[in-house]
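Only one structure is covered here, and it is reproduced in the block below.
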Amino acid sequence: MTLFLKFSPVSTTWKRKQKLQFFTTLLEASQPYPPHVISTNISIAHHAKTGKLVEARHMFDEMPLRTVSSWNTMISGYSQWGKYTEALTLVSFMHSSCVKFNEVSFSACLSACTRGGSLFLGKQIHSLLFKSGYQRFGPVGSALLHYYVQCCGIREAEMVFEELRDENHVLWSLMLAGYVQRDMIGDAMEIFEKMPVRDVVAWTTLISGYAKREDGCERALDLFGCMRRSSEVLPNEFTLDCVLRVCARLRILYVGKVVHGLCIKDGFDFDNSVSSALAEFYCVSDAVDDAKRVYESMVGEACSNVADSLIGGLVSMGRVKEAGMIFYGLRDKTLISNNLMIKGYAMSGQFKKSKKLFEKMSLKHLTSLNTMITVYSKNGELDEAVKLFDKTKGERNCVTWNSMMSGYIHNGEHSEALKLYVTMRRFLVEYSRSTFSVLFRACAYLCSFQQGQLLHAHLAKTPYQENVYVGTALVDFYSKCGHLADAQRSFTSIFSPNVAAWTALINGYAYHGCGSEAISRFRSMLDQDKLQNNPNNRALHMRGGSSWSVRPCERSRRVYHTNAYQSRWCNLGSFA
């Protein structure tokens, strides 16, 4: 029997069942417990909240009588502090101990499964949830959908959403966020248009979805204009932050200044995130004096945040000297500003200054160590990078592992990168999309088809299989190994292929002498408006031309005018 059986929201049987469960829960809650049990639960909650998990677990283990609240608190504590393995172990133990789950239990357990990425245990919890009927309680249904969105395929999440959406309006926003996270922007727009209530979170989520796409920034600004004209909701600080970063990417100074005016009008100009986005926007738009004025208008903690953005903006522009002047003028240098300057010096080839600044840091946070692993690796000092990596033992995160694997690949040690991944798996480290992108590069270089297939199998268990960056690396791997059918299938699984994804596929066909297929894919890219003014396209023509004639008129079939959108923003009355 499927786990996704649908109940009618007006079902009399279902309503009776819910009432029975509600009164049963009240009855259980009213059962008197010895005073020491209640006080112990309070102590466990206090220890768990403050991160003293060893003390909390000791008290939990010593309890002669544990209530469902004891289990819930302990599981939530582990999950909150990133101890996902311990949380999942306790969930299994709770289930095997025949403890009756309540709505808080299900929410806590599903949260632990989501954060820990446990596919099997999460579906077992769903099975229990289905039998109990608690899935129609708002917080539980939200936790269930969040689990499926984060850990399972989007189609399974859609089944849960369709089953529960009529009783829980929060699910619409969760489903929208799930589509945006997977870059399924068409589905996101479709569900946005069907939403019964579109709040500021929904608008901001969709705007951010378009903003992170290569070709979606203009659409993000269009949506922001629609939001202003609709008068449904007012933008919040997150909306304005997102729109300012879009303006920075498009480098539209006038539009950004209009949005800056809105920030002042709505009282968000002194917000930390908004002021940081303003500083970054003005830097990227080559209006450094305006960025400095934003910085000078801030005080306290906000001033430090804006300084970090100002330094980051200058570093990204290659103006490291000016960034250094701001940095050394700070009274209190933050960890972020230190890391930005270390990175800036490294990017400009000033490795000695990077090392000197790193050595001066009194507190070397993991973020700083991760940055220096990259710096040493790119400077050819792989041994020093390995030494730093060894020092992070016990506190490594995904970025640490990715930095070291990238370092090996940068220095031609592709086999070592794959060996490190095997070690990483033993430590149950949570993967990121960069993990797979880096490793598929190593497999492609070594033409290690078997290793790449194993890695692909691991990828299938994560939410990143549909990601355009991971998908592009996967297509490139299969192409270089000569498995063009697998490359095509991997390309098809990418929901929104960008120019890089098309390039990897077309290069694969061209490299292996399949000129007609290469030209066919190239024409498909043209037909789908994926061609950008990109120098890679010239290489595609030249390589494909070795076995197929490309007419000059085909090369100029599409001409993209990157500044065409500016005329649309000459009249921005709708923003004000």
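Each residue, glycine too, has its Cβ placed from N, Cα and C.
The repeat 'PPR' annotation in TrEMBL covers 67-101 (among others). Summed and averaged per residue, pLDDT over the repeat 'PPR' (67-101) gives 83.
Sequence annotations record features per position, and here TrEMBL assigns repeat 'PPR' to 168-202 (among others). If you look at the repeat 'PPR' (168-202), the same-chain residues 6 or more away from its ends with a CB under 8 A from one of its CBs are 136, 138, 141-142, 145-146, 149-150, 154, 157-158, 161, 208-210, 212-213, 216, 232-236, 239, 463, 466-468, 495-496.
Beyond the ends of the repeat 'PPR' (334-368), by six or more residues, the same chain brings 304, 307-308, 311-312, 314-315, 318, 320, 323-324, 327, 374-375, 378-379, 392, 395-397, 399-400 to within a C-beta distance below 8 angstroms of the stretch. Annotation source TrEMBL lists repeat 'PPR' at 334-368 (among others).
Marked as repeat 'PPR' by TrEMBL: 397-427 (among others). Sequence-distant neighbours of the repeat 'PPR' (397-427) (same chain, 6+ residues past either end, Cβ-Cβ under 8 Å): 366-367, 369-370, 373-374, 376-378, 380, 382, 385-386, 389, 434-435, 438-439, 441-443, 445-446, 448, 451, 455, 458.
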